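As annotated by TrEMBL, domain 'G-protein coupled receptors family 1 profile' applies to 48-295. Per TrEMBL, the feature transmembrane segment maps to 32-55, 67-85, 105-127, 147-165, 204-228, 248-266, 278-297.
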Amino acid sequence: HVSAMSDRGTNNHSEVTDFILVGFRVSSELHILLFLIFLLVYAMILVGNVGMMTIIMTDLRLNTPMYFFLGNLSFIDLFYSSVIAPKAMINFWSESKSISFAGCVTQFCLFTLFIVAEGFLLAAMAYDRFIAICNPLLYSVQMSARLCTQLVAGSYLCGCISSVLQTSMTFTLSFCGSRAIDHFYCDTRPLQRISCSDLFISRIISFSLCSIIILPTMIVIIISYLYIVSTVLKIRSSEGRKKAFSTCSSHLGVVSVLYGAVFFMYLTPDRFPELSKVASLCYTLVTPMLNPLIYSLRNKDVKEALRKSLGKKIFLFNSILTVT
């Protein structure tokens with residue numbers, strides 16, 4: 001199939017009708033195992049993130065800026081994993097493993113939008129924790145509903161701008177020869193590898209965009225935590241310090257997993273595509289699966305809301321059984 005597709009080589013990107021997602025270079029027996037792993041992880045993503053959004057929307061005690069951001073984080077995680085996982089699972093069973101040109105553009109565009117929005121949202125969440133710990137008396141004034149809405153809208157807007165720029169830059173390249181993308185989804189580096197265009201300007205713009213996105217968000221997160229740590233260390237009681245740190249530990253865990261995987265992927269040399277696929281797995285599937293778990297296991301409010309919600313359902317179920 002790959003050779004058949006390659007034979008239709010052309011120098012004009014507009015004549016490219018589809019690509020082939022090579023996926024993981026493993027034996028066909030392992031494809032079944034990978035399919036089951038993807039299915040399990042994706043099911044956990046759906047249950048975890050939909051559950052988190054439902055709890056936040058239905059429990060009035062969670063009507064705070066922190067949970068407003070967390071609800072949006074769950075929405076983003078749910079959406080961008082859904083852009084990747086179903087197609088990857090279909091390809092484990094498919095012989096052709098093809099994705100249409102329009103499908104590839106759509107996948108790339110949506111994934112870029114949501115992954116960038118998540119970076120900015122995590123920076124907004126770090127700022128929220130900074131205000132909560134360093135200026136607790138002014139928290140309700142400074143973190144107003146209007147500011148929270150603006151920060152979330154700004155995150156999506158930055159995602160949209162970045163997505164439009166990255167997508168138009170990547171898909172105006174000429175693709176000739178092989179159409180086989182050595183990855184399990186449409187991503188920048190594997191697409192650049194099969195392009196016959198001069199990539200110098202494209203790589204400079206791509207690097208500049210990544211720097212504009214990653215550096216400011218990282219700076220906001222680092223500065224926020226420097227202030228948080230210095231404030232917490234000034235708290236005399238160990239109980240007070242523990243309580244202050246516990247409100248940030250979930251966010252810090254999420255940031256570490258996401259940025260760790262992104263840096264690992266982009267620092268992996270091009271000659272090790274399998275390594276970059278593993279790193280991609282971390283932030284396309286593992287991070288969206290872990291985020292609700294990290295927040296629900298580390299957070300008393302979420303645990304309490306979950307217990308209350310489950311208690312109501314069990315009570316209702318028992319009542320129905322008693323009646324029947």
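Using the three backbone atoms N, Cα and C, a Cβ is placed for every residue, glycine included.
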Apart from its near flanks, which chain residues at least 6 from the ends of the transmembrane segment (32-55) lie with a Cβ under 8 angstroms of it?
24, 26, 62, 70-71, 74-75, 77-78, 81, 85-86, 88-89, 92-93, 285-286, 288-289, 291-293, 295-296, 302, 305-306, 309
If we skip the immediate neighbours and take only residues 6+ beyond the ends of the transmembrane segment (278-297), which ones have a Cβ under 8 Å from one of its Cβ atoms?
38, 41-42, 44-45, 48-49, 51-52, 70, 73-74, 77-78, 80-81, 84-85, 111, 115, 183-185, 187, 250, 253-254, 257-258, 260-262, 264-265, 268, 303, 306
Who are the chain neighbours of the transmembrane segment (204-228) in space, where the CB to CB distance is under 8 Å and they lie at least 6 residues beyond its ends?
116, 119-120, 122-123, 126-127, 129-130, 133-134, 158, 162, 165-166, 169, 188, 244, 248, 252, 255, 259, 262, 266
